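Comments concern the structure below.
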Amino acid sequence: MQSYDIAQFIDHTALTAEKTEQDILDLCNEAIEHNFFSVCINSGYIPLARQKLQNTNVKICTVVGFPLGANLSTVKAFEAKEAIKAGATEIDMVINIGWIKSNQWESVKADIQAVLAACEGALLKVILETCLLTKEEIITACKICRELGVGFVKTSTGFNKGGATVENIALMRQVVGENIGVKASGGVRDTKTAIEMIKNGATRIGSSSGIAIINGLTDNNAIY
C-alpha cells in the first residue's frame, strides 16, 4: 500500500480543547498537502475549516455528543443539524453508553435514529467506545447500526481508557458486513498499526498522527 492510498483512509483529527485557530488552519493545510480524506474537528471550528478547504477535496467531519454520549437525543440531533448547516459533511456521534449498560436498547436505537434523521444526506458514524463495552454489547450495538443503515461504526472517542484494537475492528466488520464502514480511532499513531486495522476491516482511520502514518510508509518503502 502506497502513502497516497492510505491517505484516503485518514480523518486528520484535532479534537482536544486547547486547539487554536492556527492549529486548525495547520491541520487543514496538512490535509490538503497529504490528500487526507477529511479533517475531524470540533463544530465551533467548522466555519474556519470550510473557508480554508473550499475548492479542495478534503471533507469536514465533526463530532456530536462528544465525548460522553450522554446528551439528550434532541440535543445531539440539533448539534448535528447545525454542524451540517455550517459545512460538515460527516458526523461522528457518540452512542449512549449508559443506556447500553442499562440494557435500554430501544433507547439506544432511538438516539441513533434521531441523529440519523437530522443528518439530511451527511454521513453518520456511530462511536461505540468499545473499551467500555463487552463483546456482546459491541455485537448488539453493531447490529442496531446495521439495521438503521448508518454510514460507519467507529471504535472510540480517543478520550477514554482505550482505543481501537485489531480484535474489535475484526468483530465490528464481521457483524456489520460489507455495506457499512468501520472506523478505527484512538491509539492509531503509526503505519504498522494503521495497516493492521485496514487489513482487519477498517475503511477509515481517525488519527492526529496522519503525517507520521504517511511518513512511515514513505520511509519504509511501503513494506508493511
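Cβ from N, Cα, C; glycine included.
According to Swiss-Prot:
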type: ACT_SITE; residues: Asp92; note: active site, proton donor/acceptor
type: ACT_SITE; residues: Lys154; note: active site, schiff-base intermediate with acetaldehyde
type: ACT_SITE; residues: Lys183; note: active site, proton donor/acceptor
So, three-state DSSP: helix, strand or coil for Lys183 (active site, proton donor/acceptor)?
strand
Same chain, 6+ residues apart, C-beta under 8 Å of the C-beta of Lys183 (active site, proton donor/acceptor), given in sequence order:
Asp11, Asp92, Lys125, Phe152, Val153, Lys154, Thr155, Ala202, Thr203, Arg204, Ile205, Gly206
What is the number of other Cβ atoms found within 10 Å of the Cβ of Lys154 (active site, schiff-base intermediate with acetaldehyde)?
30
Among all protein chains shown, how many Cβ atoms are found within 10 Å of the Cβ of Asp92 (active site, proton donor/acceptor), not counting that one?
29
Per DSSP, three-state class assigned to Asp92 (active site, proton donor/acceptor):
strand
